[in-house]
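A.B. asks: Provided herewith is a single structure, encoded as structure tokens, for subsequent inquiry.
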Amino acid sequence: MIFSVSDVSKVLHINNLASANTANLTSVEIDSRKIEPGALFIALKGEHFDGREFLEDAFKQGAKAAIINNSDDGFDLLHKKELAIEYGCALFVIDDSLRALHLLAKWYIHQFSKLIKVAVTGSSGKTTVKNLLYSICSQAYHTHATAGNFNSETGLPLSIFKIDGSHEITILEMGMNHRGEIRDLAEIVRPDYAIITNIGSAHIGYLESVEEIAKEKKAIFSQFTGEQVAFIPQHDAFAAFLAQEVNGRVIFYAPETIKRLNDVTSLGLDGWRFRLQQEDIHFHLAGYHNYENACLAIYVAKELGIKSPHIKRGLEAIRASDHRGEVLKGSITLLKDCYNANPQSMRAALEMLKPLKYARKVIFLAAMKELGNESIPLHKALAEPIIDAGVHAAFLLGKEMLYLEQELKIRGFSGMIFSDNQIDTLKAHLKLYLRSGDLLLIKGSRSYQLEQLEPFLIEHQFLYTDPFTKDS
């Protein structure tokens, strides 16, 4: 990535207040600790931090320019200007540095006129779908995608600055935790292809109802001008609403509507086998929800003109990672799906257990966050898939899980229940309960850091330490 200090001035319509710096800028960063020489530092201001306090750190690290907020909170602008002059750096002062980040990202991505822009949002599955599309598209095109889950109002713009002139397609994930965020991100990207994976209760604590979530997610289509393509899940309860007034072509997708997709077989925790045209494909991600994600990726890939052999290679290259459905082996089998949890992904993980044949099925679940007034009923609703899955023991972490414990008892759950607010207490019970041949699912919200259970299980010889024993 290369643009100049003068480009920043033109895009933001403001003047450089410090050194007459004409340097090329080679990266954009909002964290002064990650600054590399030649960077543009954008100092964001939040409720508990002020990036302006780290301006000198950024200059010392090699930043060549900075954008900071102007405000009337006692901020010493003169001192900041003197710092910029001392280090020979450009300085731009603006009312809203987050808006500056968005404007620059919008300008930057549209410098690549031939770039195909694919955007993905949804209540669950969006990171998996993004990864699948990146893997498939990379077989045929030079492809860029958002790194990790850099899908927020800051993460997505930062990802955009990683695009260069060699890229032919970009796959951009859009997350949301407040009103207007998807619309803002869509305005930056102006996607050619926009995908909604599903509408569910994730982040309902911020938006009060699933209907409001659907309205916000639908904003991914807000920048359509007639030529773009919307992918909408055919069986979603909000499918018809999502398709209303979309100024572009709408494709309703579902696994059963993919042409020449045959011989679909579940392999349990080893994933799926199916035939696409003449290609026999082994897709390694377990669970019907992941099969649906694969089918969505196939749909989009075909719309992009990607051939079946490339689709096969892309799908088969994907393995579970980053605590998202990893399978680890030892005297027990661990299904580590603890990157995060919402009602849809939690239910999907539990439903995945139902057809599996193990001596005992054990679950270690942590509470789901950001559910607001719906938290109690949504936690209680997990009782049904737990019972249906034939779970033998449930380890429940977090105060919200008390409602699930009560519901399990009301419904006559025959397994054992261990419930506590402290993970160490539950780990002690788990150590005594587990035995050879068990299947253990761990899943919960990111804040509980359930990945710490893996070294605990290795320490107590329930798992192997050899990484080659992982089913990945």
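Heads up, the Cβ atoms here are built off N, Cα and C, so glycines get one too.
Marked as ATP binding site by TrEMBL: Gly122, Ser123, Ser124, Gly125, Lys126, Thr127, Thr128. Marked as domain 'Mur ligase N-terminal catalytic' by TrEMBL: 26-72. The annotation domain 'Mur ligase central' is assigned in TrEMBL to 120-301. The domain 'Mur ligase C-terminal' annotation in TrEMBL covers 323-446.
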A.B. asks: Other residues near the ATP site, CB within 8 A of the CB centroid of Gly122, Ser123, Ser124, Gly125, Lys126, Thr127, Thr128?
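C.D. replies: Not counting the recorded site residues, we get Val120, Val129, Thr197, Asn198, Asn293, Ser345.
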A.B. asks: Given the binding-site residues Gly122, Gly125, which one has the fewest other C-beta atoms within 10 angstroms of its C-beta?
C.D. replies: Gly125
A.B. asks: Sort out the sequence-distant neighbours of Thr127 (ATP binding site) for me: same chain, 6+ apart, CB within less than 8 Å of its CB, listed by position.
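C.D. replies: Spatial neighbours, sequence-distant, of Thr127 (ATP binding site): Asn149, Asn151, Glu173, Arg324.
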A.B. asks: Please classify the secondary structure at Lys126 (ATP binding site) using three-state DSSP.
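C.D. replies: Once the DSSP labels are grouped into three classes, Lys126 (ATP binding site) ends up as helix.
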A.B. asks: Around Ser123 (ATP binding site), how many other CB atoms lie within 10 A of its CB?
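C.D. replies: Taking every protein chain into account, the count is 24.
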A.B. asks: So what's the average pLDDT for the domain 'Mur ligase N-terminal catalytic' (26-72)?
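C.D. replies: That region's mean pLDDT is 91.
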A.B. asks: Take the Cβ of Lys126 (ATP binding site) and count every other Cβ within 10 Å, whichever protein chain it belongs to.
C.D. replies: 26
